[in-house]
Amino acid sequence: MCKKGPETSRSNGNVPAEPPLPPSPSDTDLTVTFTNTEGEWPEEVGGIGWKARGDHRPQEKRVPFNRPTARQVYDALPFIRRYFIYWMKHTFDKEKLFINTFQPLKHKPYYGVPCGGLGSGAIGRDFRGGFCKFSLRPGLVEHKVDTIPANQFIVSVRKPGGSCLYQKVLSAADMQLGYGQLSAWDFSFPKENVYYRGLYPRSWTCYRIPELALTIVIRQISPIIPHNYEDSCMPVCVFVATVLNESANDFDVSIAFTFRNGTGNRKWNREAECTAIKFTHSDETSGVILSHSISQMPVKYTLATRRLSPAPSDSAHSSPTVSICQHFNPSKSGSGIWLHLQKTGNLPDIDDEYIDYREMAVGVCQRFRVRANSRSSEVEFALGWDMQVVNFGKATRFYKRRYTRFFADDAADALCRLALQRRKDWERAIEEWQNPVLQDPTLPEWYKSALFNETYFLTDGGSLWFEYDERWSSEEAHLSQYTREKMMKYGRFGYLESWEYRMINTYDVSFYASFALAQLWPELELCIQAEFTDQISHSIEKLIRFHMEGDLAKQKTQVFFSITISYALIITLKSNSILFGFHVFEFNCIMHAHFQSRVPHDLGNPADEPWIITNAYVMHDTGKWKDLNLKYVLTSWRDYLIVAKKDRAFLEHTWPAVKVLMYEALEMWDRDTDGMIENFGKADQTYDAWRMEGVSAYCGSLWLASLCVSAAMAEEIGDVESKGVFATNLQRARRIYIEKLWNGSYFKFCEESRSSDSIMADQLCGIWFLQSVSPKMAAEVLPPEMVSKALKTIYEYNVLKFANGQMGAVNGMKPDGTIDREYIQADEMWTGVTYALAAFFLQHGERDKAFHTASGCYYSCFERSGLQYQTPEAMYETKYYRAIGYMRPLSIWALQWVLNGKHKQSSQCSQREQSDTTTADAHSLPSLNGASTSEEEETDHNQ
């Protein structure tokens, strides 16, 4: 028998007296205080965003989770044995593992805003000034690569016509230098003189040189433009440098930008011979192209700059000058390039200290004069990486990046020229996108930072954006005409579940994260949903031994239809006008319905061959998961109503799959035919280590919401019979859900498991998602007063009783106020679920609770733990995190969805369309009051 929850009676739901709860901090209390800064913060990098000084160290020391309880270890012993065998098979190539459970990635507390657009690879930044963490190989993030010594900005300051006064690398990052590597370079820039502000897709790094009264600010801009499907895919980043001279002296300042081949990974440093060529164009753009290869895929790095226009007072000696170094060795001392810059203020054409064509670096430099007590003009640099054709691990087919649609075969210098030409337009577009949020006085500053900075994952989440290839239609015969047409226009998009959980478009996670694409690039969201629709009936016959339960099953299940064959032989005789009938025999063959339509868990592992081989997640047989299909149903309805703006073609594309999935769920998951599905005692949903049995709050709420929208979709499409089936089963299922789980204060975790009476933060996931589409529909699924009580209990227990109310919502909390530690994941705070829960509070008008809940997530990751721009899936109360660089925190856009009023659009649309007030609302639960409620009729509907 389950323990009673925090209620005293089912009738009134009053919570008994408890010890005083931690006070709910006010907005003022929760405003981010930058404890990592000391002294006056430079106004040059002022404003909203994540801020840090070069000597910043996290307040908390955290590591990947590695301390399960004895009970959890015991439960996992069969899995550990099976997975260990699998892990050992890949001893010398761990990159092929879809999850490397035994060697989780460790965070690096110095990450900043990444460089690049969407889907063409990204280059990471160190907030102290360096370059790190390349993800140019499609879908693979080289997180283990530290800051690369040769990839730098360098400043050299001279007296006009005189000697060098100051020359240093503009980075305070800790360098791991090989023997003699760049030993001539000065990497000693003081950490305390570096200041950083990140607000994706831009950042500002300020370098103070107090001995000369100079301040240098380098602004980084990537082409992230919502609703722009051209510039947003460009593999390019622009850096704009300005110099503030607060002294009484004029200075000649040189800013150089250098870059080497490869990604910092030793595998590619000497993979092939490199070549470099200079270019100059009539628009004053000049630079250098460095050709090489990465994992046998050709790539061209391009550095470019646009020469400043001379000032009227400039002489021939003080006029801006551009110099280009075509070759220096990044593994030698670097003395030739360093000393030449120090002596002349320019880069040498070639540093012939030691020529090695397998390791090569290049550079561009601009020299200009900065007058006393003045600010220089903006000096622009561009970095591009032209990697047009790529392949995944198995290399069975090749893909063209999306940006190649807009360029000729050789796009290297054209990318940088375009970036320098459009940079100002990009910044205006970024400001137009962000200013409504940044200038809203009702929003807390931490939220403004969180909203945009969490969006980093769209660039840095191993994202992929490919041009459509006609050969796909033969290689992937399941692709529909609708999907192919979408891809022809907008390409094919994907992103990882996590840097270390290498699976593309993991569907149970993107359910939360999809609010970002749905608002920023809605056509990409529709492409993903269309593709998953086509995958539902697609199968992969290969048999897989799943690690967790040890089940042997197909990697991706398929559809089997119910067939009934009847045959009878009747002989009739006629005698004296009387007919005699003889029933000789009758044969009936009934093949019972065993539909195996399944939404795939993911679209593949980039180290294998995604899109061709899907369902890379072989921990569990996800064909048995209850939430994947239901999340597809709900997402289809949201995308139809709001994202696709009621495009009939989208509805007709998704409805057949929705119908099959829902009828199959009634057939296979509703064991006692009461209209409510049950969990089968396994971790058969996104909480894949947290067992549910019987009716569960999480899956049950998804089921109720799915029945509701399926009935609405049936009405929209004109399927009267299905509408009746789903509407009737909704009434029955709702009654069961309330009877079995509601205890007066919240919906219990499930009927039977060690966590059965726990308070789950995500217990009403389906209602939250449905309410984001239509509050009216959500109110018809569950009584609003019950939902409000459950949210109140979640806030008081999962939020306020967890980590003193300063860390978001723990997944599971016992009714006695202790954290549920019965299963792995129960005691975790999931960042994406916390943001979704905050959005749920906001939907109910609980603004203070919403921002308080969400702030704990942002503050614990970005401000206390050094997890900025690598937000993990999970945080523990102390010491640990799990799965850095995770997709689900993009659900912060669900908060903005509410603030933008998106959740009310369907109702407004309905009111505009319906002139007859007596007509049923097409976006609410159709004709529930007229549905049959007798047990006999309900059973007929279910059958």
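Positions of Cβ are set from backbone N, Cα and C atoms, glycine also.
What TrEMBL lists as region 'Disordered' is 1-62, 906-943. According to TrEMBL, the feature compositional bias 'Basic and acidic residues' maps to 52-62. TrEMBL lists 112-426 with the feature domain 'Glycosyl-hydrolase family 116 N-terminal'. Look at TrEMBL and you will find 491-558, 590-895 tagged as domain 'Glycosyl-hydrolase family 116 catalytic region'. As annotated by TrEMBL, compositional bias 'Polar residues' applies to 906-933. Residues annotated as compositional bias 'Acidic residues' in TrEMBL: 934-943.
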For the compositional bias 'Basic and acidic residues' (52-62), could you work out the same-chain residues 6 or more beyond its ends whose Cβ comes under 8 Å from its Cβ atoms? 34-38, 107, 109, 127-129, 172, 189-196, 860, 863-867, 878-881
Across the compositional bias 'Basic and acidic residues' (52-62), DSSP labelling yields 0 helix, 2 strand, 9 coil
Taking DSSP H, G, I as helix and E, B as strand, the domain 'Glycosyl-hydrolase family 116 catalytic region' (491-558) contains 28 helix, 18 strand, 22 coil
Could you pull the average pLDDT for the domain 'Glycosyl-hydrolase family 116 catalytic region' (491-558)? 89
